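As given in TrEMBL:
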COMPBIAS  509-519  compositional bias 'Low complexity'
COMPBIAS  541-561  compositional bias 'Low complexity'
COMPBIAS  578-595  compositional bias 'Polar residues'
DOMAIN    60-183  domain 'N-terminal Ras-GEF'
DOMAIN    220-487  domain 'Ras-GEF'
DOMAIN    603-693  domain 'Ras-associating'
REGION    483-598  region 'Disordered'
Amino acid sequence: MSTENGDDSLPTWRLWGEERCDGVVYTVYLKKVRYHRPTRSLSASDSDDEISHLEWETVRVRFLKAGTVQKLVESLANDDGELESTYINVFLATYRAFTTSREVLELLLSRYDALEDNSPAQTGEQHRKTLVQALHVWLDAYPGDWKSAPGHPLLARLLDFTHRRLPGSELELKARHRLHRFQCEDEIDNCIYDNGRLALHNSSDSHSDHWSNYKFPEVPHRHFAEQLTRMDAEVFKKLVAHQCLGAVWSRRDRSRSHDAATVLATVNQFNAVSLRVISTILVDPSTKPQERARILETWIDIAQELRILKNFSSLKAIVSGLQSNPVYRLEKCWQCMPREKHELFMELERIFSEENNAWTQRELLIKEGTAKFADTAGRSDRHLQKLFQKQNTHAGNISYGTIPYLGTFLTDLTMIDTAIPDTVAEGLINFDKRRKEFEVLARIRLLQGAANAYHFTSDPLFDCWFHSIVVLDDREAYKLSCQIETPPPGNTLNRKKKSNGQGHRKNDSLASTSSSSSSQFYCDLDSLPSSPHNSLDRRTSPSQLSSSSSNSSLPSLDISLGSGGGSNTSRLAPPPAITTNGTSTPNLAGLSSPSHSHKNSPDFYIIKVTMESDSVETEGVVLYKSIMLSNNERTPQVIRNAMLKLCIEGSPDQYTLAQVLPDREMVLPSSANVYYAVNTAHNLNFILRPRRDLNESTAESPKGKVNGKR
C-alpha cells in the first residue's frame with residue numbers, strides 16, 4: 001500500500017468478525033502493520049521492483065471474548081512460550097469474579113500434566129514454559145491469593161506439584177521461600193495481639209496529658225492535613241485493587257463479602273474523618289455562633305491544605321461532613337463566616353460535582369494523578385488559583401503523591417458489573433467485561449504507586465486526639481444541631497427557599513449505579529459482633545427528623561442513595577454533589593426539597609427488570625435484565641425498552657411496571673417520569689406484568705402504599 005495514496009489514513013485495526021471454537025469465542029481483528037522486507041541473498045535474481053511496492057501488510061489478531069474457565073486458563077499458554085502480558089494481567093486481576101484461586105491452580109497444574117504426557121515435544125515444551133511463567137507472575141503479583149492460614153494449602157499444593165514435575169526449579173524455590181515467609185508472619189501475628197494491645201494502651205496513657213493541646217479551632221492546619229494524608233495513604237496503599245470488583249465487594253455475592261476487607265478499611269477511614277468533622281462542630285451546644293463558625297473555617301482551611309497535598313479522600317470526607325444535615329442547617333453559624341471562606345468552600349465542593357459523570361474529579365486525577373504537585377484549578381476558582389501560584393513559587397523539589405476518592409472507582413466498577421452480563425451465549429464467561437473492569441483496577445494500582453511519594457512522620461499526639469473524639473450517630477448529631485439552632489415550626493418542605501448569597505446548599509447526589517445494590521454489603525457487616533462501634537453503625541434518624549426520602553446526616557463512601565421513608569438504615573449515603581450557584585441557603589430543618597432532590601443526580605440509572613411468570617425464579621434466584629433509564633423517560637417508553645430486552649412482543653399498553661420494594665411493590669402510573677418516580681433508597685429492581693385492569697396503572701400494590709420519589 002502506498003502512503004501517497006492516503007492509505008495511512010485507514011484505521012490500523014478493523015473488526016473482522018467472531019471465531020467460535022469448543023467452549024471459547026474469539027473476536028477477530030485485521031491489523032495493518034508495516035511490512036518487513038525479508039533479507040535477500042546476493043544470488044537472488046528478483047528485481048527490486050517486485051517487492052518495493054510493499055509497505056504494509058495485514059495480520060489477523062484474535063482476542064478472547066468469552067469462554068469456559070478451563071478455556072480461559074488454557075489460553076494463558078501459547079505456542080511460542082511467551083506470556084501475552086495483557087491477557088494474563090486481566091485474568092489474574094479479575095478471575096475472582098467468576099471462579100476461585102483453588103480452581104485456577106488445579107486447572108493450571110492439570111493443563112501442565114496433560115501437556116507433559118500427551119502433546120508433541122516442541123509445542124508441549126513451549127506451552128509448559130508459558131504455564132510456569134504464569135505461575136511465577138501469579139506468585140509475585142498476588143501473594144495474598146496464596147496466603148490462607150492455617151497451612152496455606154495452595155502453596156502446599158504447588159510445592160507438591162513442583163516436587164514431582166519441576167524439582168529444584170526456580171518456581172519450587174520461590175514457592176518454598178513464600179511458604180516460609182507466610183509461616184513466619186503467622187508466628188508474628190500470633191504474638192502481636194496481646195503485646196500490641198498493651199503497647200497501644202501504654203502509648204495512650206503516656207500522651208494523655210498532651211493530646212488535649214489539639215483543640216479546635218486553634219490547630220495547625222497544615223500539620224492536620226499531613227497527618228490525615230499519612231493515615232489515608234497507609235490505608236490506600238494496603239488496598240487490594242481486585243477487592244473493588246462489583247461482584248466481590250457488593251452485596252450481590254454476600255457469601256464472599258469478607259473478601260473485601262481492604263475496601264471496608266478505606267470506607268471506615270473515610271467515614272471516620274467525616275464523623276469527626278461533625279463532632280467537633282456540634283459536640284458543645286453552648287459554643288457561640290462566631291466561635292462555631294471559626295471551627296467551620298478551620299476545617300475548610302484543612303481541606304484547602306489537603307487539596308495541595310492531592311488527598312482527595314479526606315478532602316471529600318471533610319466536604320461531606322460540612323454538607324451533612326446537622327451541620328449545613330446551622331444558618332447562623334454559616335452567616336458568621338467571611339465571604340472568602342464561603343467562596344473557597346464552594347470551589348472545593350466543585351471538585352466533586354456529579355455533573356457529567358464526575359468529570360471534574362476525573363480530569364484532576366488524569367492531570368495530577370502522577371504529577372509532583374497540584375496545579376489545576378477551574379477558571380472561576382480564584383482562591384485555589386492564588387494558592388497554587390503561591391505554592392509553585394515555594395515548591396522547590398517537593399513531590400506529593402495522590403490519594404483518590406475511592407467512591408468514584410467503586411461507582412465505575414459497579415456500573416460495569418450491573419450493566420454488562422457475566423456470561424454470554426451458552427453460558428460462557430464474558431471476558432470482555434473483565435477487560436473493562438481491569439481498566440479501572442489498573443488506574444487504582446497506578447495511583448497506589450503514586451501514593452508512595454508521601455513521607456510524613458507519624459504524630460502520636462494527633463493519633464490520640466483523632467481517636468479521642470466522640471463520634472455522634474445520626475440521632476445524637478441532629479439532636480445537638482436542634483439544640484444549637486431550634487428548627488422553625490411547620491413543615492420546612494413548604495417553605496420558600498431564601499436567597500442571600502450564602503453559597504451553601506445541601507444537595508442529594510447519586511452515583512449512577514444506585515440499582516446495583518452496592519450498599520448492602522456494608523450494611524450487612526454492621527451486624528457483625530466485631531464492629532459494634534465503628535463508623536458504619538449509623539441508624540436512621542427518627543421519622544420526625546426526616547419525613548421525606550432524604551439522605552442520611554453523613555454522606556459517606558458508598559454509591560447508593562441514603563435512606564428513604566421506609567428504610568431502616570441510612571448508613572453510607574452517597575457524597576453530596578456540589579453547589580454551582582451561590583444563591584441558596586440550607587434548608588433550616590435539614591431536609592432536601594423534593595424539587596431539588598435530583599438536581600445533581602446522574603443523567604441516567606441502570607435498572608433491573610424481570611417479567612412475571614411461573615418460571616420467573618430459578619432455584620430461588622430472580623433473573624433480571626439491566627436497562628438504562630434516562631431522566632426524560634416516561635412509563636410507556638421504559639416498558640417498551642424492557643420488552644425489547646426481555647424479547648417480548650406487543651404494545652406497552654398491555655403491561656404495567658412496578659418497582660419491587662422490601663415490603664411492597666410500587667406500580668408506576670402510565671404518565672409518570674420514571675426517573676423521578678422511583679424510590680432510589682432501595683434497589684432499582686422492577687417487575688413487568690400483563691395488565692389485568694385498565695385502572696391498574698394508577699393503583700397501588702396491596703402490599704402497601706406508594707412511597708417513591710415524585
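Each residue, glycine too, has its Cβ placed from N, Cα and C.
Caution: TrEMBL annotation is automatic and unverified by curators.
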Confidence summary (mean pLDDT) of the domain 'Ras-associating' (603-693): 81
Secondary structure content, the domain 'Ras-associating' (603-693) (per DSSP, counts of residues): 18 helix, 35 strand, 38 coil
DSSP residue counts for the domain 'N-terminal Ras-GEF' (60-183), split into helix, strand and coil: 89 helix, 8 strand, 27 coil
